[in-house]
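Colleague: My questions will all concern the structure given below.
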Amino acid sequence: MRGETPTLKDIVLFDIPTCETPIDLYCYEQLDSSDEDDQAKQDIQRYRILCVCTQCYKSVKLVVQCTEADIRNLQQMLLGTLDIVCPLCARVE
């Protein structure tokens, strides 16, 4: 192309040869489902949580098994209105 704007003679068209047999573009590859399961299992981890009972102020240990996103949600709930009560205080009420 010469000049600032293209003209019709600047455009070159090529003939695409046609095939007598159609080309199959379908991909017959299948993913192994165990890879997806392994990935999901890797995302789930155990977390140890040490918090304080809101009634008697004793330490309460929790172990949860969840994804990182879920542990972040739990953290936000603990910072909000969610309170943990120890088993002794739970029996009293």
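Note: Cβ is positioned from N, Cα and C throughout, glycine not excepted.
Swiss-Prot feature annotations, pasted as is:
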REGION    1-42  region 'E7 terminal domain'
MOTIF     25-29  motif 'LXCXE motif'
MOTIF     71-79  motif 'Nuclear export signal'
ZN_FING   53-89  zinc finger
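A description of the local structural setting of each listed feature is requested, covering burial, neighbours and distances.
Modeller: Per-residue confidence over the motif 'LXCXE motif' (25-29) averages out at a pLDDT of 81.
According to DSSP, the motif 'Nuclear export signal' (71-79) comprises 9 helix, 0 strand, 0 coil.
Counting only same-chain residues 6+ beyond the ends of the zinc finger (53-89), those with a CB under 8 A from a CB of the stretch are 43-47.
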Colleague: Across the motif 'LXCXE motif' (25-29), what are the DSSP residue counts per state (helix, strand, coil)?
Modeller: 0 helix, 0 strand, 5 coil
